[in-house]
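*Asks:* Dropping the structure in here first, questions after.
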């Protein structure tokens, strides 16, 4: 028993001594945590350098865009071919991908040898050999009659400008075929396949083996966005934000970047880490000075590193009693499989003895322990270096997503990772230590890169088909120059119809005279009250105008209009207040001759609320007894007989208090003021917000003769020659015309561009069949058009995994403000996804891109339609004045124009194209509906005074 303990003690002591001896000898190969964090930081810097357009040429880590833009989503299906060229064997694969409610892949494959004379010979012969093998496989599998898409896994650094193209940068591993470097390998293979006339194959994708690994694992685990190869060679890829890839145009979405990390250190960045053995190995390699990181990690080199170390130790008398066998001097005699065998947990020492004996050495127990520890240090360093670079990638992913904690999966393949008994455990442990804020799952790739190439091809095929369907939908919103000219001309015809007495009743563009006959001249002064009703809020303003310096000061208060008042009927409210009203429609007698009891229903509903708000404001401003001139901005279609009379034609913008239609809004306001019997106001003018916008800008710029609203609603007004307005007597001077162009198209003249989505929106609106132009252009409806498109694309399985959420079914959920946010150039896709998540839409990165495109198509069409309408009016003004060229200013207001990132630009561009002889300036209005109403009131007072003096 004592002898056993003694023996155990001796062996433990022997092991400790040998380990210490090797540790001292290979001190530089043992990397501390601080060193690994430093390497991680260096690699992060190299990645950044590789991604930058200016710095990429000198970067050692090339960060090559792969043009793989999406990972599998499970909906891929069909038959695909795959080739894998890059290792000791060449493989051809047929992959059947089927949906069937679950992810299912069936594969048939065939291996073909890659003889040295082929991989180191002539490039043309190499690709002809590959084509021959493919033809042989297809004949064997009876696939010759089928046209199949093919993915090519090509495990060498390539520069890609599209998915189906790749310029070989340099050969690595043992490949050295002549005449291939600097050429497109896809073209070379395509040309080689032409020799086989019965071969009908379409190469859809060129894929690096690392990308193939990531795609294979991503098919099984959608969290997988990193691929790593640790085999004959080593490399990594990951999904990078397009906005960070300077080498590729476009900022939308993500793209897989092939890091080509094997070349890390080729610029000298790892000189302090490299040892004499690394330098000796490099000098004896096929590519001295290149792939230095790979030479410290990959399976092609670990065995050779161990051999060089053992030879040096033997020469120093630290191993084998100073004896060296001839085999130990031969390059490549120790392979990575030997290293893996020597590191096995139980049989490792026995394997070590056997391997060393086969090399012609006579190892002692101490030698075996020392050699085993050399293998451990070499392979552990490999895992450490790999972990440091991988940790840098994971940190970048986490930072790109702006997450405190990242959950992700890394797909791994490669013989070293698979066959080495300790490697995976060591790698995982070090990665988790270096990035404690990342929850990382490592997933071993099955049939790795070859299946992955088929998956890339399947995804490319899916995206191609989806793209066609999406483009078909978006094409409905793309207006050609010819269509825009046609819309401009139709609008011009409608203007003429609206202005003429005979055709006015049938005109869709009503061209309503406003009785605003002058623009501000700077002499206006005094205090004015302004009311602004045009949306869900109602404003009361006090406006102080000073002459001379053109100074305007405003004080205002905002009041809400409750929904039941906006959309209620007089009958409901009067019943609630104790009045009786038989639900008859209002008689067509003049409003002044009607019983007050009928008008009460309306006043109680809406105008009593307005007067209550005025009373609150006058109290708030300390003006309770003041008699002030008042301008009433009433932003709905009205027929005016004078500046202070306006009969409501119909409600728009969600208002539906129907008893008011056909009534004079000024009379209703006066009646409500009388009923309250607290104050008296001089109602001078009822104005439209569009007219107010024009007047506000006209106060600053005498060239302003057009007002435009691009907001919740859509409208335009302009100064027309009196001689052209047949509805009003007199030919002298000008009068502002409120076009009410929102009704353009109600006669069917826009049916050729009216899409199924516009029809859905129209049918679901409060006024079906009316205000068609407004429903295609205004902020109230654009978000709803987008929602209808998203529902249709989701039904087709092109968005949100085919799942229509309850929120998406909800009318009005997609407000127009979301279009402005989503289309913002400053907004990353991650933020777009967050907006969609707020709306209850769980989107992928690809979904977000499509949603952004849909928003862009809808808002672009709206801006172009506005532009066509505006071009019609400025051209009319130019021709009316008999000018060759005209300068004119358009006063603009509305949230769509102000807040949408591209709307104003597209509108301006369209006007310029459709009215090239007009130099149109756009001036943003400051509170047209408030300040404008006061200015109209001031101008009306000035003109009244002038008339009295005459």
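Including glycine, each Cβ sits where the backbone N, Cα and C put it.
According to TrEMBL, the domain 'Hexokinase N-terminal' annotation covers 22-219, 470-572, 603-699. The domain 'Hexokinase C-terminal' feature in TrEMBL is assigned to 226-459, 706-939.
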*Asks:* Considering only Cβ pairs within less than 8 angstroms, which of the stretches 22-219, 226-459, 603-699, 706-939 has the most against the domain 'Hexokinase N-terminal' (470-572)?
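*Replies:* The stretch with the most close Cβ contacts to the domain 'Hexokinase N-terminal' (470-572) is 706-939.
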*Asks:* Using DSSP, what's the helix, strand and coil tally for the domain 'Hexokinase N-terminal' (470-572)?
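*Replies:* When I sort the residues of the domain 'Hexokinase N-terminal' (470-572) into the three classes, I find 36 helix, 30 strand, 37 coil.
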*Asks:* Roughly where does the domain 'Hexokinase N-terminal' (22-219) sit in mean pLDDT, to the nearest integer?
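*Replies:* Averaged over the domain 'Hexokinase N-terminal' (22-219), per-residue pLDDT gives 87.
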*Asks:* For the domain 'Hexokinase N-terminal' (603-699), give the DSSP counts of helix residues, strand residues and coil residues.
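*Replies:* Its residues divide into 45 helix, 22 strand, 30 coil.
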